[in-house]
Amino acid sequence: MASYPGPGKSKAKYPFKKRAGLQASAAAPEARSGLGASPLQSARSLPGNAPCLKHFPLDLRTSMDGKCKEIAEELFSRSLAESELRSAPYEFPEESPIEQLEERRQRLERQISQDVKLEPDILLRAKQDFLKTDSDSDLQLYKEQGEGQGDRGLWERDVVLEREFQRVIISGEEKCGVPFTDLLDAAKSVVRALFIREKYMALSLQSFCPTTRRYLQQLAEKPLETRTYEQSPDTPVSADAPVHPPALEQHPYEHCEPSAMPGDLGLGLRMVRGVVHVYTRRDPDEHCPEVELPYPDLQEFVADVNVLMALIINGPIKSFCYRRLQYLSSKFQMHVLLNEMKELAAQKKVPHRDFYNIRKVDTHIHASSCMNQKHLLRFIKRAMKRHLEEIVHVEQGREQTLREVFESMNLTAYDLSVDTLDVHADRNTFHRFDKFNAKYNPIGESVLREIFIKTDNKISGKYFAHIIKEVMADLEESKYQNAELRLSIYGRSRDEWDKLARWAVNHKVHSPNVRWLVQVPRLFDVYRTKGQLANFQEMLENIFLPLFEATVHPASHPELHLFLEHVDGFDSVDDESKPENHVFNLESPLPEAWVEEDNPPYAYYLYYTFANMAMLNHLRRQRGFHTFVLRPHCGEAGPIHHLVSAFMLAENISHGLLLRKAPVLQYLYYLAQIGIAMSPLSNNSLFLSYHRNPLPEYLSRGLMVSLSTDDPLQFHFTKEPLMEEYSIATQVWKLSSCDMCELARNSVLMSGFSHKVKSHWLGPNYTKEGPEGNDIRRTNVPDIRVGYRYETLCQELALITQAVQSEMLETIPEEVGIVMSPGP
């Protein structure tokens, strides 16, 4: 059995050309206090230079390579033409659909079965010409593994686990069910797509599935670098450590004095072509050397998008991925039939651990709607009783008290009810995102939204801070429920970040059960129409320059520096179903030239968010600060290329509904184990009926999915919306206890909580692959389930990587048997 390098054993280089690392100017003596052993030095470069990402570790050319640009342009133009239609633009013409391929294969097999009675040689010729899956060109590695290994099981290193549950092993030839030429072409395309994602994740210091990386290492000319994305705790967590992390000794927003902040690097900042560049002097001129930080090259990004767009509509590749997904679904059903009782028995053996007593993270929830409607109603009534004379609003230059605001609406506390509040989504919001957005206004009045659920208002967000702290108190009381709340930055002015940070610090809005994500609504067209922005680059400057300033000189933004340590990353939000009038390509205007009132396309927002985040992450990593990830809303509606952009650039996504109609992308998301936070109740009110939601299908196939609430104010009724989400899903889809605990474990793995916190919640070995990384005493997920997921993923990765390797190996005699079960 072949051996594979374990995670963390190889120390190697990036698979792309890396720009020079962070260096400091000798003219900036302050830098020494910030970077310690990694001083900054000047390095001459031109603004806009980027690392070369064009070199794959091996030859992955396919038959589509010369046509990628033309295919992608055709798809993008079709997307624009069909944006008015409800049908999605990824439903392509019937040039090579799966049904035709299936019918053709069945006809051939029927013909073979009829002719073999008359002429046995026909069968042999047919196998050689059409079903030549595992013969001449098959894998030398299979040959080495095949003899004597198939009957002994898959995993020699874990004999105990092997005896614990039953497996289904597919042996013999033609296991993937497609012609070998199609298998080879599909495998090369899939591997190429995975390499594309790996290089962008490495470029931005985001995480990449270690199991997938380990298999890609077999194909790389040089081993891929294994990176640690979270700072390890000073003291490792022991195996017997308590499930609850130790309480903080002091509030994290204490010591906000500038004198207590890290030193000033004395670097200059300027945005060039939509990306912030860092210079060695505070006021850079044309000849000032630049501190070189890596960011993606625009030309290569567009080329990579074209490759993936061409890949997802290739007929043979669609057939291959569709078959693999169907196989994964069937295999899971067989696993459940064989091992369900063993999984349940393993859970029952664990003392004081059940679904209620394991950590769950709401990985997709908006802060402005994190409370339920009854909670908001009670808070408004309480405010009307206690703060009736407080000045809360300014209307046309005149200050108004809370009493005057409600008198202008002809309302009293007695008149208010849940029905009057009218914030809950109903049947009228289905496919009407505009009506859904209106539900954010209590009683249909935007002034109440501004007073009660905004951070920037006349009272500096006092009411909103109080209600958020009440939600946090409920989470802390439950002990095992956590949330990642989204706060908004719009990019209309440079001081938005400081106002948001002051709101959090001054009101001490913090909880060990809560992390923050910052969402950026894609509303440039609205701001441009109102004359609030001159061009798109101004919006990018308002979003990212304060973050770079707080990193270079934390004392200049003390509250922001403290706040950013509790921010996980960035989210991109808006109605994805809105038509896009532009295609992002090399002819698209640069951000400083985007002055029209049309909104840039989704990929445009995502690319420039990613590029600036990548630069910022490298700067912050050198200073020892917390880094960020990209976790956008994606795949809820709209065109398929949203999911293509997210596959390349995002660590996790929210929604992902459209993957159900894109088998190639769904298979890629599975192989890369990209987290998908799904909200079935939210989707049920907006885009997709509950019974049609693909979550149970994704879960059975092994995609990294979790349950989330999205907007409890609009969609939920109880005090514990996350438990409500789990309970409804369990009842409707008949999920088992193991399924529910697996979803909860996935939510913790996907979340942005620190490595130390996750070590307490999941166990100190949670970063290890397979059952070794599972602690059933903390997760209540049986090793049987984790082992099944791990083995299945390894087998799928082995199928595609070994098919690619087969081209580089000598011909294998046809009579040699083949076993497709590599060791870990």
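The backbone N, Cα and C atoms fix where each Cβ goes, glycine too.
Swiss-Prot lists 10-20 with the feature compositional bias 'Basic residues'. According to Swiss-Prot, the feature phosphoserine maps to Ser45, Ser63, Ser79, Ser96, Ser113, Ser135, Ser137. Taken from Swiss-Prot, the feature phosphotyrosine applies to Tyr90, supported by a large-scale study or a structure entry. Residues or ranges marked as phosphothreonine in Swiss-Prot (evidence: similarity to another entry): Thr133. As annotated by Swiss-Prot, Zn(2+) binding site applies to His364, His366, His633, Asp710, with the evidence given as similarity to another entry. Per Swiss-Prot, the feature substrate binding site maps to His366, Lys435, Phe436, Asn437, Ala438, Lys439, Tyr440, Glu636, Asp711, Pro712, Leu713, Gln714.
Of all the binding-site residues listed here (His364, His366, His633), the one with the fewest other CB atoms within 10 A of its own CB is His366. Cα spacing between His366 (Zn(2+) binding site) and Leu713 (substrate binding site): 10 Å, rounded to the nearest whole number.
Sorting the binding-site residues Asp710, Asp711 by the number of other Cβ atoms within 10 Å puts Asp710 first. Counted within 10 Å of its Cβ, the other Cβ atoms near Leu713 (substrate binding site) come to 25, all protein chains included. In the three-state DSSP scheme, Leu713 (substrate binding site) is classed as helix. The distance from the Cα of Leu713 (substrate binding site) to the Cα of His364 (Zn(2+) binding site) comes to 14 Å. Annotation note: His366 (Zn(2+) binding site) sits in a strand segment as assigned by DSSP.
Excluding His364, His366, His633, Asp710 themselves, the residues of that chain whose CB lies within 8 A of the CB mean position for the Zn(2+) site are, in sequence, Ile365, Arg486, Asp571, Val573, Ser654, His655, Ala677, Ser679, Ser682, Ser708, Asp711.
His633 (Zn(2+) binding site) falls within a strand segment according to DSSP. For the pair His364 (Zn(2+) binding site) and Asp711 (substrate binding site), the Cα-Cα distance reads 9 Å.
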